[in-house]
Each structure stands twice: as structure tokens, then as C-alpha cells.
């Protein structure tokens, strides 16, 4: 079972309307690799991808005859790639290739028709690398909307401006959009706690993003059968895989003007499926995830005062100790790094200005957020540090100068 990669879902919208309990499923058999040759296992099988209640994505294979699930792998974004093996004579052999290490799993298609093979392959890669928002599959009515559905350029600003502070906290807090949805996914403990405007977030019932989930074996179900002859197993093929070809997906969706006043629930649904656009070019694009690296954060996290301020924001639970070591583990985890990258992208989009204004941030920070200038926003936040902190920094600098004069 693979446990590397990022846990937080992506903000890329997609077609998630299937009522099936599996995100995608298709009939396929396994293949065994010996040396450089793969040999088909002639059993009837089913490949499916499932998102469990803990939001983890499982790639599974089960025997359709016995109902036994033989492979149940937890996959994180960018862990692996599913692609066709062109060396196979039948052209219907696919490989799940892990980017870290040499692990590869081969499958041969057992669907009677070939016209959906590439579509199944595309969907597998989409769901493995862009998991849907928790609860997005069950949502109805407003899925697929974009911000343009708010009714013009000023729609979002107008809606946010008329919200109370409690409504904003409901929207972007840790419980606002299912714990991991919308803007809550961008910030982990919630945007308010990240910006320092408010107390520590409430304890979440979700497990730590670094915890390993046990393999989930779904109840055995009998897959639907068709009165068509079963496809024949492919001949043994070479397992040599070519370099991955770039895949492309059409994530465009049609926006429609709302027929009635927009409610808070509508905005929540929109944010849960919105795609973060490119920044308007107000400043140089900065990816916070590439700036706040473990090497840069290490000396900062070694400061006892910093540790004391961060401890209340750690995930709480019986198996989650709130220690300085846990701070280090949290901030250096792939999950936190991806969440930081998502927040950086949202900030660079220039759409978070109204939210920053609602939280009473300095005018410089709001202006930078409106422009999508991440670097200017960070500088504005640094300049707006509490007077006590600035006084302490000034005192330390003065002491250093006095020590130098004594030398």
C-alpha cells in the first residue's frame, strides 16, 4: 500500500455526477510480470476507484467470480500514472506505474467493446490525481458552477460584503465545506486561523493527514453481466513502457446566470468546484510551497516562542501529540505543502481581496490580495505584526548593537 503523496483534494472541477458508489469501474483482468514479459491472469476481474469516508482514494481490483478484493491501494495525487502499453499486440493492456520506485501493476481490458478504453484510462488518471471534494459526488443542483454564475464582476464582492463575520467563518472555517472543501481545503485549519484573526480551530474529527488508513474492503457485489462473449486474454507482451505521453482534459463548463438571489449555500457549492484561474499579473507569481521549504522553516521552527504560538493549531486527538516534533512533521508533510500551494494559487488569482477586507487586514494586504500579488501580501502581513512583537525585535536588535559597541 502506498502512503506517499498529497491528501488534500484538488480544486479542479470535473464531471462527478455518477450515482455509482465507485468513481470509475471497468472489467479488467490482472497480469503477472516475469522478467520483461507479462502474462494474463484469465480470471474475470473488476478495476474500480473508490473514495472512502476519510476522503482517501483507493485503487482496487477484485475477482468478479469470488467477489474477493485482492488489491486495495491508497493512492495520493502524483503517486502513479495509468496508461496503455503500446507493445501489446491486442492494444488493450494497461499499466499502473508508480513514479517512486519500480512498482508496476498490469491489467488487460475485459470489456466487450474497445470504444471506452481510453475514456476509462482518462478517468482513472483524473480521479487518482484530482480527487473530488468530499461530498461533491452527492451534491446536486449547483455542481459545475463557476464564479461567473454570481452575476457579473461585482457579484462575489457584493455577496461577501453583505455577510456577517459568523457567516464568513461558516464559509471558510474548518467545518464550513465538509472540513476539506472549498477554501477550507486551501488553509487546513481555516483561513481565519492562518491569518491570525481568531482563536485556534475547533478540534476536528478527521484523522491526521499523515496517518495511514487501513485497507478498506468493500462489500462484495455482483457486477452486471451482459449477454456478450467474453474477450479473449491477450498474448504475452513485453513490459517495457515508453515515456508517458502528456494527457489533456477539457475542464470547461458552461456558466449560467442565477435565476434567484444567491444564498450562502450556493457560494459554498461554487467554491467547492471552482477552478483557480491564473493570476491577473499584478506582481511576480510566487508559490508559497516552494518558498517555505523544510530547509528554510527548520531554524524558524526551532524558536521556542514560535513553537508555543503554533502548538494550539495542531490537529488534536488521542494519537496526535501536540509537541514541537509534531509541528515539524506537520509543516514538512506533503499534505501541508500541497495545501500551501493551493492557498498560494487562490491568493494569486486576485479573488481573495474581499475576504481579507472582511477580516480587518491592513489596506496594503487587501490591495495585494486584490492584485494577486503574493509577495506583496506576505510583506504587508509581516509589516502588520503585533506591536509587542515589533518591540521585541527592536529590543533584540538594540542589544546586539550595544554588544558590538562594547567590542
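Cβ coordinates come from backbone N, Cα and C, glycine included.
According to Swiss-Prot, the protein carries these features:
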type	residues	note
CROSSLNK	34	ubiquitin cross-link
DOMAIN	18-131	domain 'Pru'
DOMAIN	277-391	domain 'DEUBAD'
MOD_RES	2	N-acetylthreonine
MOD_RES	15	phosphoserine
MOD_RES	127	phosphotyrosine
MOD_RES	140	phosphoserine
MOD_RES	211	phosphoserine
MOD_RES	217	phosphothreonine
MOD_RES	405	phosphoserine
REGION	2-132	region 'Interaction with PSMD1'
REGION	196-259	region 'Disordered'
REGION	362-407	region 'Interaction with UCHL5'
REGION	378-407	region 'Disordered'
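Taking only the Cα positions, the spacing between residue 127 (phosphotyrosine) and residue 34 (ubiquitin cross-link) is 29 angstrom. Sorted by the number of other CB atoms within 10 A, the recorded positions 34, 127 start with 34, the lowest. Mean per-residue pLDDT, taken over the region 'Interaction with UCHL5' (362-407), amounts to 69.
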